[in-house]
Amino acid sequence: MARKYFQREVLPVTALVIMECANVGLNTLFKAATLKGMSFHVFIVYSYGLAALLLLPSLFCSFRSRTLPPMNFSILYKIVLLGIIGCCSNIMGYTGINYSSPTLASAISNLTPAFTFLLAVVFRMESVSFKRTSSVAKMLGTVVSIGGAFIVTLYNGPVVIAKSPPSVSLRSQSTNPNWILGAGFLAVEYFCVPLWYIVQTQIMREYPAEFTVVCFYSIGVSFWTALVTLFTEGNDLGAWKIKPNIALVSIVCSGLFGSCINNTIHTWALRIKGPLFVAMFKPLSIAIAVAMGVIFLRDSLYIGSLIGATVITIGFYTVMWGKAKEVALVEDDNKANHEEANEADLDSPSGSQKAPLLESYKNDEHV
C-alpha cells in the first residue's frame, strides 16, 4: 500500500518539481547560446534529434512486447499531430525567449493551468460541478496559483535580501517592443502546451508506452523543425555548424534533460495523473527562477517574491486537495458499486441455486 502511494502520489510530484527546476536552467542556458549567434531553429532540430537517438532502443522493446496494442493508424495520426504541436510550441517558445528572457517565459507559463483546465473540461477529461467542493477547489486553486505567479512577476516591494544592485524588473522592461513581441510568442507557446497535454494523454490511453511515444514525437519535432529551418536559413550552411562552446553544451543538455528525460516524465505523469495535475506545476517555475537567481546569481530577494511564492503554494495545494478528493470519491463509488453487485449476485435466484445444482450434478455422477 505504501509503495503504491509513493509511486502514484509522491514520485510524480517530486519528478515534476525537479523537471521545472531543470527547465528554468535549460532556458537560461539556451539564452546564453543564442547570444553567441546560434540559430534556435537549428537548436531544436539537434536537441530533439539527440533525444530520438537516445530513445531509439525503446522502439525494439516495444515492438517485441506482447502486452502493448498494435501501432495502428489512429495512434500514428495522433503522434504526427503531437509532433506538429510540439514543433509550433518550441518555435514559439524559443523565439519568445530570444526576444525577451527566461524569466518572462516562466512568468507567461502561468497561463498553462488555465488553458489546460478549459481544454480538459471541453474534452471531458475534467468534470466541473459547483455543487462539489472538489471542483470548486480545483477552479479556485488554479486562479490563485496564476494570481500568485503574476504577483512575483509584477510586484517587487521592499528588498528582503540585497546581494547586488537592483536588477531590471519585468515591469520596467514591459515597454520594450521586443519584450512585448516576446511575450506574444510565449503566450502562443503556452496555449500549445495544454494542447500537447491533451493529445498526449489520449495517446497514453491507447498506447501506454512512454519511451516509444516520446521517441516518435522527438523524430517528428526534429523533422518538422528541419523543414522550417530550411525555409528560414535558406542556403546558409554555416547555420548548421555547431561550435564547441556554450552552444554545444546547451544542445547536449537540452537533448538529454529536456527533450528526452523531461518529455518522458511529463508523458508518464500525464498517463497516471492527467493533464491538469501536470499543468499545475507550471506556476512553480517563476518561484524557482527567482530562487535560483538569489542562490546562484546573487540577485536581490523582494517581499513581492515571497508573497507570490506563498500564494502559489496555497493555490497549488488547493488544486492537489481537490484532485485527491475526487480520487477518493471515485474509489468510494467503485467500492459501493462493487458491494452492491456482490449483494445482488447473492440475492438473485441463479446465485441461490448454484450450490443445489452442483450438488445434484455430483449425486447424478455417483448413481
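In case you wondered, yes, glycine gets a Cβ from its N, Cα and C as well.
Straight from Swiss-Prot, the features:
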{"type": "TRANSMEM", "residues": "10-30", "note": "transmembrane segment"}
{"type": "DOMAIN", "residues": "25-153", "note": "domain 'EamA 1'"}
{"type": "TRANSMEM", "residues": "40-60", "note": "transmembrane segment"}
{"type": "TRANSMEM", "residues": "73-93", "note": "transmembrane segment"}
{"type": "TRANSMEM", "residues": "103-123", "note": "transmembrane segment"}
{"type": "TRANSMEM", "residues": "142-162", "note": "transmembrane segment"}
{"type": "TRANSMEM", "residues": "179-199", "note": "transmembrane segment"}
{"type": "DOMAIN", "residues": "195-319", "note": "domain 'EamA 2'"}
{"type": "TRANSMEM", "residues": "211-231", "note": "transmembrane segment"}
{"type": "TRANSMEM", "residues": "246-266", "note": "transmembrane segment"}
{"type": "TRANSMEM", "residues": "276-296", "note": "transmembrane segment"}
{"type": "TRANSMEM", "residues": "301-321", "note": "transmembrane segment"}
{"type": "REGION", "residues": "338-367", "note": "region 'Disordered'"}
>> Quick test of the contact rule: Cβ under 8 Å, at least six residues beyond the ends. What residues does that give for the transmembrane segment (10-30)?
In response: 40, 43, 94, 97, 102, 105-106, 246, 249-250, 253-254, 257-258, 261-262, 265-266, 268-269, 272-273, 277-278, 281-282, 284-285, 288-289, 292
>> Quick check for me: are there 3+ Cβ pairs below 8 Å between the transmembrane segment (73-93) and the transmembrane segment (211-231), leaving out pairs under 6 residues apart?
In response: yes
> Given pairs 6 or more apart, does the transmembrane segment (142-162) have at least three Cβ pairs under 8 Å with the transmembrane segment (276-296)?
Replying inline: yes
>> Against the transmembrane segment (246-266), which of these stretches has the most C-beta pairs under 8 Å: 40-60, 103-123, 179-199, 211-231?
In response: 40-60
>> Can you give me the average pLDDT across the domain 'EamA 2' (195-319), rounded to a whole number?
In response: 86
> Thinking of Cβ pairs under 8 Å, which stretch from 40-60, 103-123, 179-199 has the most of them with the transmembrane segment (276-296)?
Replying inline: 103-123
> the transmembrane segment (40-60) vs the transmembrane segment (211-231): three or more C-beta pairs under 8 Å (separation of 6 or more)?
Replying inline: yes
